[in-house]
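Take a look at the structure set out below.
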Amino acid sequence: MIWLTWRQFRTQIFAALTVLAAAAAYVLITGTQLRHSYTADLASCGAQNDCFGVLNGLQDQYNGPLQLAEMLVLAAPGLIGIFWGAPLVAGELERGTHLLAWNQSVTRTRWLAVKLSCLALASVVTVGVLSLLLTWWASPLDAASGNRFGTMAFNARDVAPLGYAAFAFALGVALGLLFQRTLPAMAVTLAIFIAVQVLVTAGVRPHLLPATAASVPVNQTTMSQAIRFDRSDANTGPVTVDLPAPSGSWLQSESEVLNSSGRPVQTGEILSCWTKYFGQPGASGKGGSPGMGPLGACLASDNLHVDLTYQAADRYWQLQWIETALYGALALLLAVATFRRTRRLRG
């Protein structure tokens, strides 16, 4: 059965190997250049103690290739579910070739087990290699940005794509068996896989671990690091400030500026300090503006603060493994359902 499975799917395997070889060659060449640029830029800006602009320029330079690589890794599990998973059983049922094996003393369980295990392993290894290549290639950019929790970054790095590949493949096989037709199974596989990805990313991942709550005071130190400060044109409007979360963390929520009793601060209450350091024109301050620190010092006596919830940087691997296990469990459930339904097939 292993030899038969190889004969049936060798074209797909060779195509995957070709993609992996091309990806590895590209990553090796450009990744070496990227590392050289990162090291050189870090050394030059470190001497001047001003790396923000230099590292931003490096990220802008490689942003296009990075996004393309991330899209490839994100698309790979879905493509595997469509082109490897859905036709695995549905194609055999459409052509009637499954009967050749069943009528030659090969049990249905063994027939499915060999096909499922061989192609599932190939699926996980293929996506795993792509993820490994991207993780290595993008590591200087990830170090520069300090954020591994972004949707594209988290979903395309490290071990999470392995779970996606296992789930997408098992989903395609299960739907192929359910519909017993390849094209409908391919279409529904893609739709369900995308829906589950969106649901888990937006609705499940933020709740996998309890968030850490923190209250950050508005003062000269924090405002000097603020990304943006906004006030309303009306005196009764809200005041918001994007204060930095702990380094490398995933910021999940950020309140408006609050006073000591927890009430949202109104624009009229901070207008005197704002006018003193920014003048009347405009209604916002950008991070890095010279007036941000003095504005924070002026507001410090009012005991203002912003409430944050976030996932600390050291929870990255916990979330990666939990999500991988979640998708692995879904893949296992789909595989069990596929085996049970196969035993009830007529023929």
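Cβ coordinates are placed from backbone N, Cα and C, and glycine is handled just like the others.
Unlike curated entries, TrEMBL annotations are predicted automatically.
What TrEMBL records for 12-29, 71-91, 112-139, 159-179, 186-204, 319-339 is transmembrane segment.
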- [ ] Could you tell me whether the transmembrane segment (71-91) and the transmembrane segment (159-179) have 3+ CB pairs under 8 A, leaving out pairs under 6 positions apart?
- [x] yes
- [ ] Report the listed stretch (12-29, 71-91, 112-139, 319-339) having the maximum count of Cβ pairs within less than 8 Å of the transmembrane segment (186-204).
- [x] 71-91
Task: Contacting positions for the transmembrane segment (12-29) when only residues 6+ beyond its ends and CB under 8 Å are counted - done: 6, 72, 83-84, 122, 126, 129-130, 133-134, 136-137
